[in-house]
């Protein structure tokens, strides 16, 4: 997860001033203000250099929902309306809390290192380095493994989603062929040396998801309820937990938290940003999923992509196209950090030539492409990633790392960030973190892992690996009889 934004002169100057004054992290410094005002003038800086609170908010909000919007109605049909809304709110709050925990650990790591006069001038701090600095090499290895696997499958999901969506505009080619084409398109991301900027992309990305979410809600309401619509969910335990883990996955988008935070002028402001981003995301996910579920009910069990049920018209096509562009951007986000880790492994990270680096990065794209062709199960794969990877990367590791970092009284006294005003005692924080670890292990990883894996295996049994066109034509009756509902076919 490396450089999300350019190491700008402005940022370097700020970090340098931080190191010189050795001031406690906090307090507004004058130089910072001047630099910010100064960088506001030129047009280039408006599009390019984003380090303000707003940029971080846009990055968080646009990274959090992408293709998940399209699978949430299906999760609602598995969970039922009440559970769906409650679980979204519950996991949203839990996700914001762990993002807060990650930001606390980051500030702690940075404060400790700056006391040792370490300069972060040309260095982007990553999550595994925070774990390494606070808890040692074993934690670093675990953090790195989960994070990389999560990003790898995150990229795979974006590719599958691209093929699944374009099929609704142009079905002359089957989905597998579309995956080949988009794999080749997304492979061009190897030529982008690093995330120079992000300001304009995250702004556009958020616009695209907002449009799609409201299009889904309004189209479903205009369409009205389908004939003989039934809302029987929740019916099966397997389905219930599959749906729940998809929601866990939705609010687990903060594998990039540390990099977004590092790119801010004042990282200590980050802790509330994620919560605000989540609150905005609620306005997208809850109305759209609830409206589509209200209109189509149990039909959604076999349609993991909500686009497949909505009537085909210009609005739907533009939503599909906007989601495609957004997925392309998200693919770049998820993949670039992997490129950096890979470049460091093979020692090419300092190479100046873009073409050489692009060649060196190709081995990263190929497995992603390959996985997207083997498992084209858009929907079930989200839940599987949610249960097996997001649960650890985003919930269990940060919460347990926080418990371990502050287990000694001395660490608690010298903490860079004191407990928040709404939870003043360390004991309460400790208990809440312990609750998160246990809850996510049992419900997310345990039940969720069991449900989503059995669902996943059922998809393989029904469609086979390398499925040519997953969920395209209506399935044959015997197949439907053999396999219980959550069986995402698209018409």
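Here the Cβ of each residue, glycine as well, is placed from N, Cα and C on the backbone.
Curation plays no part in TrEMBL annotations; they are all automatic predictions.
Note that the structure is predicted; figures quoted are calculated from it, not measured.
Look at TrEMBL and you will find 49-442 tagged as domain 'Amino acid transporter transmembrane'.
Among residues of the same chain six or more beyond the transmembrane segment (85-107), those with a C-beta under 8 A of the stretch's C-beta atoms are 25, 60, 79, 125, 127, 130, 134, 244, 247-248, 250-254, 257-258, 261-262, 267-268, 270-271, 274-275, 278-279, 281-282, 285-286, 289-290, 394-395, 398-399, 401-402, 405, 416-417, 420, 432-433, 436. For 85-107 (among others), the entry in TrEMBL reads transmembrane segment.
If one looks beyond the transmembrane segment (144-166) by at least 6 residues along the same chain, the residues whose Cβ comes under 8 Å of a Cβ in the stretch are 1, 66-67, 70, 127-128, 175-176, 178-179, 182-183, 186, 255, 305, 307, 320, 323-324, 327-328, 330-331, 334-335, 337-338, 341, 367-369, 371-372, 375-378, 381-382, 385, 389-390, 392-393, 397, 470, 490. Positions annotated as transmembrane segment by TrEMBL: 144-166 (among others).
Taken from TrEMBL, the feature transmembrane segment covers 178-196 (among others).
Panel annotation: around the transmembrane segment (203-226), residues 58, 61-63, 65-66, 69-70, 73, 284-285, 287-288, 291-292, 294-297, 299, 306, 310-311, 315-316, 318-319, 322-323, 325-326, 329-330 of the same chain, lying at least six beyond its termini, place a Cβ under 8 Å from a Cβ of the stretch. Residues annotated as transmembrane segment in TrEMBL: 203-226 (among others).
Taken from TrEMBL, the feature transmembrane segment covers 238-260 (among others).
Within its own chain, the transmembrane segment (272-296) has Cβ neighbours under 8 Å at 53, 56-57, 60-61, 64-65, 68-69, 72-73, 75-77, 81, 84-85, 88-89, 92-93, 95-96, 99-100, 103, 209-210, 212-214, 216-218, 220-221, 223-226, 229, 231, 250-251, 254, 257, 303, 306, 309-310, counting only residues six or more beyond its boundaries. Annotated transmembrane segment per TrEMBL: 272-296 (among others), in sequence order.
Annotation source TrEMBL lists transmembrane segment at 319-342 (among others).
Residues or ranges marked as transmembrane segment by TrEMBL: 354-378 (among others).
Marked as transmembrane segment by TrEMBL: 384-406 (among others).
Cβ atoms under 8 Å from those of the transmembrane segment (427-450) belong to residues 94, 97-98, 101, 237-238, 241-242, 244-245, 248, 383, 386-388, 390-392, 395-396, 399-400, 402-403, 406, 419 of the same chain, restricted to positions at least 6 beyond its ends. What TrEMBL lists as transmembrane segment is 427-450 (among others).
Taking Cβ pairs closer than 8 Å, the transmembrane segment (319-342) reaches residues 1-3, 62-63, 66-67, 69-70, 126, 144, 148, 151-152, 154-155, 158-159, 161-162, 165-166, 168-169, 185-186, 189-190, 192, 194-195, 201, 204-205, 208-209, 211-212, 215-216, 256, 259, 307, 349, 360-361, 363-365, 368 in its own chain, all 6 or more past its ends.
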